[in-house]
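Per Swiss-Prot, disulfide bond is recorded for CYS58-CYS121, CYS68-CYS114, CYS105-CYS140, CYS129-CYS166, CYS133-CYS157, CYS186-CYS256, CYS189-CYS258, CYS203-CYS306, and the stated evidence type is similarity to another entry. Per Swiss-Prot, the feature domain 'FZ' maps to 53-169. As annotated by Swiss-Prot, domain 'NTR' applies to 186-306, with the evidence given as sequence analysis. For ASN173, the entry in Swiss-Prot reads N-linked glycosylation site, with the evidence type similarity to another entry. Marked as signal peptide by Swiss-Prot: 1-31.
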Amino acid sequence: MGVGRSARGRGGAASGVLLALAAALLAAGSASEYDYVSFQSDIGSYQSGRFYTKPPQCVDIPVDLRLCHNVGYKKMVLPNLLEHETMAEVKQQASSWVPLLNKNCHMGTQVFLCSLFAPVCLDRPIYPCRWLCEAVRDSCEPVMQFFGFYWPEMLKCDKFPEGDVCIAMTPPNTTEASKPQGTTVCPPCDNELKSEAIIEHLCASEFALRMKIKEVKKENGDKKIVPKKKKPLKLGPIKKKELKRLVLFLKNGADCPCHQLDNLSHNFLIMGRKVKSQYLLTAIHKWDKKNKEFKNFMKRMKNHECPTFQSVFK
């Protein structure tokens, strides 16, 4: 990540000299030396003069802020650049982006998101470059659409600077455009079998079911999944009377592989969300009680409280 002057192109190289963020931090000095009066004034000019009840402060990025705890710097400013004033609010809103980050849809996803959710402590706010936003959006929105989401209004790219100092990426080879790092597998089926990752998917989904699948069909560019048996773990928007005739759809999944569906003899953990009148599959795992990570997930699920973030993608 670097701080530079924005370039209009999306290829990855910002015009002018890219400064290493570490150097910028060293130049800024210790947390106690930040000019918070100037910082507050600048934030106000960027965010329509919103009044904050707390003055800006430099705080540690907590380990449980999973989106940004390993982003490459250790401290962030509150309020952040998305108008979140408390760490609890930051965690709540940022948690919904962790599953997308795990899809590796663009190499700049974490830098872009964390420049807003957990902005680095400098003497004035620095926003991500518009071209970085556009590059991440163009690579990640197709993945988001598998889950029934679109690029949210709060991250609309024309809000960010294109002719001013801004946060940029410095790729290993800046002559090449960033490429999505994901596989051709349907994104909801490309899941890591780790208890933490399954919990994250559970929290990002509206409902969860233990399911035996009767058949899988192609329909209007989607995969249509017809259950044989199902047991609700988390009903969310599903009404009990709808449960009997429930069918699921793997959005845009007609032609991408979902290896879990190659063998329907197993029970599955199915997670999803309702979009309009459809119930979309957002994650699928083989129901395997012999697997250590799956067993750990089942134990944690009983007492785990998920944050609420329904408003994030509006």
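Cβ from N, Cα, C; glycine included.
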Open item on the list: So, three-state DSSP: helix, strand or coil for CYS140 (disulfide bond)?
Closed with: helix
Open item on the list: Within a 10 Å radius around the Cβ, which one of these disulfide-bonded residues has the most neighbouring Cβ atoms: CYS58, CYS68, CYS189, CYS258?
Closed with: CYS68
Task: Densest Cβ neighbourhood among CYS157, CYS186 (disulfide-bonded residues), 10 Å radius - done: CYS186
- [ ] Pull the DSSP breakdown for the domain 'FZ' (53-169) and write it out as helix, strand, coil residue counts.
- [x] 47 helix, 14 strand, 56 coil
Open item on the list: Just to verify a number: CA distance, CYS166 (disulfide bond) to CYS105 (disulfide bond), in angstrom, no decimals.
Closed with: 22
Task: The one of CYS105, CYS129, CYS133, CYS140, CYS256 whose CB sees the fewest other CB atoms within 10 Å, among these disulfide-bonded residues - done: CYS256
Task: Minimum Cα separation from CYS258 (disulfide bond), reported as the residue among disulfide-bonded residues CYS114, CYS129, CYS157, CYS186, CYS203 that achieves it - done: CYS186
TODO: Please determine which of the disulfide-bonded residues listed here (CYS114, CYS166, CYS203) has the lowest count of neighbouring CB atoms within 10 Å.
DONE: CYS203
